[in-house]
Amino acid sequence: MVSKTRFWYPFILLMFLCAGAAMDTIRPGNHLNSSTTVVSVGEMFELGFFQPTDSEHYYVGIWYKNIKEDPVVWIANRDYPVTASAFFCISDDGNLEIKQGRIIYRVTDMTLPNANVSATLLDSGNLILRDENSSILWQSFDFPSHTYLPGMKLGYDTKIQSTWSYVSWKSSNDPSPGNFTLKLDSGPEKQIMILNGDAIYWRSIRSWGDSSNYFEFPVETRLNMYNFSFVSESGTAYLTYNIYRNDMISRFTIDATGQLRQLLWLDNEWSVLNSQPGQPCEVYAYCGANSSCSNVSSPICSCLPGYKPSSVEFWNNGDFKEGCSRKNELQCGKNDGFHMLTKVILPQKHLTREVQSFGDCRSSCLSNCSCSAFSYTGRNCSIWTGELINLQQLPVNNSSGTDFYLKLAATDLETKKSSSNMRRAVIVSVTVTMAVFTSAFCIWQVKVKRDKRKGQDLLSFEVTMSPSHTQKEQCKGRHEEEVEIPLFSFSSVSAATDNFSFSNKLGEGGFGPVYKGKLLKGDEVAVKRLSRQSGQGWDELKNEAMLIGKLQHKNLVKLLGCCIERDEKILIYEYLPNKSLDTLLFGTNAMVTLPWNTRVGIIEGIAQGLLYLHQYSRVQIIHRDLKASNILLDEDMNPKISDFGMARIFGGTEQRATKRIVGTYGYMAPEYALQGVFSVKSDVFSFGVLLLEILSGKRNTGFYLSNSLDLIGYAWDLWTSKRPLEFINPETHDAYCPIAATRYMNIALLCVEERAANRPIMSDVVMMLNNELTVLPSPVQPAFSNARNVQDSSQSIPETSQNKLTISVIAAR
């Protein structure tokens, strides 16, 4: 008996060796069913049947072997789903096919000399069919689905009538062909395009000449990881890429919403390195014909000079697809002229030829009755005829863009000329008036300096690195940029506030009491008076005045002047009649005064103000105490960020640490509360908390439930249990948009993620708020969302701003 058993050992071993050797290959007579797979030799990819979530259908596909979520990268039968009884095999004539009973779906359909073939799954994710001589007869890379892997092609070959394009899924759970296609334009510009059906949805700005930056990669990612190459021959053009580092896994996908995403497997999760289109203006013809799109304007669409909305009703309702039409038709003669637009991304569909000079290009357009505009760059003259599609206006501080000359009728040019003359006259008048005023002001200033020993130097606050100088030292002998602020006398401030009467008192903060005042001309102001009991003094007052004096934005509170006289230290601001956001959010009449549309406007306004502080102001500013009580509302319910407090300048590093932590518990980011480390992401965290409060109508601090310590934890519980609408204030259920509310909650949870690196920056937040086309990433568990996190944080209890001045930080650009 023993000898018989030993006799079978070599055969059993041989069977295992043969099975191991064939684990990446299908041969004639083998087949795959719903419970078996083929794995590439390096265990990178797996081939088999898969079943999408909430679907009864099965598909043959290829996916990553050892990566969570097992994202599918290729599908054999997108149009022909099968059941669990189907199997995948090599047919008698050597083709790949899927059989389900008597129904046969042929993945390949070739006439082969013999059926001695095999199908092997490579570690690149490519499934190849080859003959006995190892010659490749067919490969899945030539028939892509929705994922662009290293080694694959994006383009076309007219010789073999082959196109390498990528088609999205119909939905996240339906892999059948969707609406969006990623392809290479066969025109002379060779641009990458996304089509929505047959219409252009997005096109790349760059041409094939800069293929290494075709997807707008971050520079460090492009240089260290990706090797793109472009092949262009007669009738053939395609882009392919490889990754320098073998330990990195990356892919591109076109998803069901039309987003082209660049993904990298990093820290055991897929990180989105880039997504196109990234902003509304990148969507093709977002503003319609003869219009300009600017991502930093509100609204983002505007008619070009000399044009008006084709449909005023649609345009005013935010539907810009109808575009614009001319106010006055061209006369096709010498009376027509040109208006120059600077820093624009040129419209689509133009003809380019070489000329000798700018004048030749201009004359060429002027003499062509069909010409709508022209652009001249280094002897290249580009001419547009008919409607102007997809023109983008770049920000003033953007170094790229091109000059664009718009052809206008004489009447439109005269209107512009008269407007220009009027502007010139106004400028001259203002200049003369300012000169007279300046002279009078200088005389008055000399008198003020003679009569007052304190306060005269407050007329000019300067940005300084050190807070240790005396008042005189700080205001003299320096060359830093100065901020001019009007000086009020104490008697005038006292009269405006009726001697700081209790009836005029608006409230009180860490700085001191705030009073309502009325100037002689009837203008109402808010007067902030430093309390003698406050721990704050000259440095705090000087820095707050200096900071706010430098800022100019509709969503930031405006400083009108100051008063330094005797022992008084006073700041005078614009008066905002609707008080602070926390009064309206958490007061008894909040639901009456703060409907859903108003909340949306406040959310967007706060985001714009914070974006200005972080990115567009003269110096980068980190607020560090963004909360509902520091958001003031004007008569039109426009939000204005206030309370900037003790600011200081530091270099352009991304983050800094401080030993003195000042802020409001519940709004502070974990890295700031526990370690004193702050950056722009600290403000993003505070914005996320504020957004949750606006959506729910509940305070983050002091909000407790049996299973959630604070509002963030409550929001996370509802989000993970797929009940986000229960988080929205029930009083607004008759007016709010469920899709928008869920989207805002998603954005808020992204902003309060525990790791600062995972939070978006404010430019991304503004884009996500304004662009409904952007697919939002799924948030991970946020900071302070469970009791364990907060117990850990109790090891370091920060100071709060209840009795401290709000802290802001300035970072030089």
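Note: Cβ is positioned from N, Cα and C throughout, glycine not excepted.
Bear in mind that the values here come from a model prediction, so they are computed numbers and not experimental data.
For 1-22, the entry in TrEMBL reads signal peptide. Feature annotation from TrEMBL assigns domain 'Bulb-type lectin' to 23-142. Taken from TrEMBL, the feature domain 'EGF-like' applies to 277-313. Here TrEMBL flags 332-409 as domain 'Apple'. The domain 'Protein kinase' feature in TrEMBL is assigned to 500-784.
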Stretch among 23-142, 332-409, 500-784 sharing the most Cβ pairs under 8 Å with the domain 'EGF-like' (277-313): 332-409
Overall pLDDT of the domain 'Bulb-type lectin' (23-142), taken as the mean: 92
Helix, strand and coil residues within the domain 'Apple' (332-409) as assigned by DSSP: 9 helix, 37 strand, 32 coil
Summary of DSSP states over the domain 'Bulb-type lectin' (23-142), given as helix, strand and coil counts: 3 helix, 50 strand, 67 coil
